[in-house]
Amino acid sequence: MALASLAIRWHDTALDLLDQRALPADTTWLRITNARDAAHAIREMVVRGAPAIGITAGYGLALEAQRLGDQASLAALAPAFEVLAASRPTAVNLFWALDRLRQAAGDLSGAALARHLSEQAERLHRDDLAANRRLGEAGLALLPEGARVYTHCNTGALATGGHGTALGIIRSAWEAGRLRSVYAGETRPWQQGARLTSWELMQDGIPVTLVVDSCAAMLMAQGEVDVVIVGADRIAANGDTANKIGTYSLAVLARHHGIPFIVAAPDSTLDAAMQDGSGIVIEQRPAEEVRQVAGQPCAPADCPVHNPAFDVTPAALISAIVTENGVIPSPDPTAMAAYFARSAS
Ligand code: MRU
């Protein structure tokens, strides 16, 4: 069955991805027909955002099973699992999706396996949208009337199966009349805030003001920000949270100014097996991303660069984590363990 969200269109025998590198100037779609293409699209940021990466990996596996035809089996799919798992290391949603499909494959083979993997990938896609809608509603209670929200990176429909995580709360708050305005940090070096979040919010008519990342402290000092809401790529068992580089700085700033700092993520972003944030692998990306802006040099060509794509915010700086199953206030090992126990029962 065909299934489409803002950036991911599934056509049963092929996947089309909105090339997010070209937004907002161009709307270009790339066709994906196998796992290698899907992994390449993830690595090169055609598709990005933790949940969207997981969904794409699911479809990539389903396409690979179709390509293998009668030969399709869990063993024959091993190289596909491997290439997808190697695409980006930090977002746990990728590994969560691959595990879900590995379990679903069981002893199936051939056309039955391909069909089942397609159905499972569609399910990941559909469930993520549903989770984000619930998460958006759950987050409403944490916002004051007329909230002015600061957000980072892009956590919207482009980054998920739809609605978004941090942007999901923002969208739900707008629908509920609780939101006054949004500050979007531009998010160097990929400019997800500038190119994607502002684009998504403007399309929905949600009042957004774009700022350079280094403007956040001043806005908070001036009393312009009521709450910071961000997404996550991986949340450890103690609540430590990996998200786009710059998230940690915002959490420190929010604490200094007494502003609530909220992390929004579906359960697929929780990594109960990761004890704390120190074990999370942080992706290092190419130097050119920092030495250039939109392909134009903005630094000496040979200047050494440090370019981690994510940082880890200690749980102690997080006011609450919001998932589709509710709010975890003041996350710490005990609150997280209670949440995991609740979800398992
Ligand atoms: O490098 P990106 O664009 O994939 O990073 C995205 C983020 O850090 C998001 O905040 C996170 O994946 C959550 S998206 C709902």
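Quick reminder: no glycine exception, Cβ is built from N, Cα and C everywhere.
In TrEMBL, annotation is done automatically, which means it is predicted and not curated.
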>> Per TrEMBL, which of R9, R88, R171 sits in the substrate site along with R48, G49, A50, Q192, N243, K244?
In response: R88
> Hey, for the substrate site built from R48, G49, A50, R88, Q192, N243, K244, who else sits with CB inside 8 A of the CB center?
Replying inline: I53, A91, C153, N154, T155, A159, G231, D233, A309, F310
>> Cα-Cα, whole number of Å: Q192 (substrate binding site) versus C153 (site 'Transition state stabilizer')?
In response: 5
> Those recorded positions, G49, R88, D233: which ones have a Cβ sitting under 6 Å from ligand 1?
Replying inline: G49, D233
> Around R48 (substrate binding site), which residues of its chain at least 6 apart sit with Cβ under 8 Å of its Cβ?
Replying inline: Q20, I42, N154, A159, W190, Q192
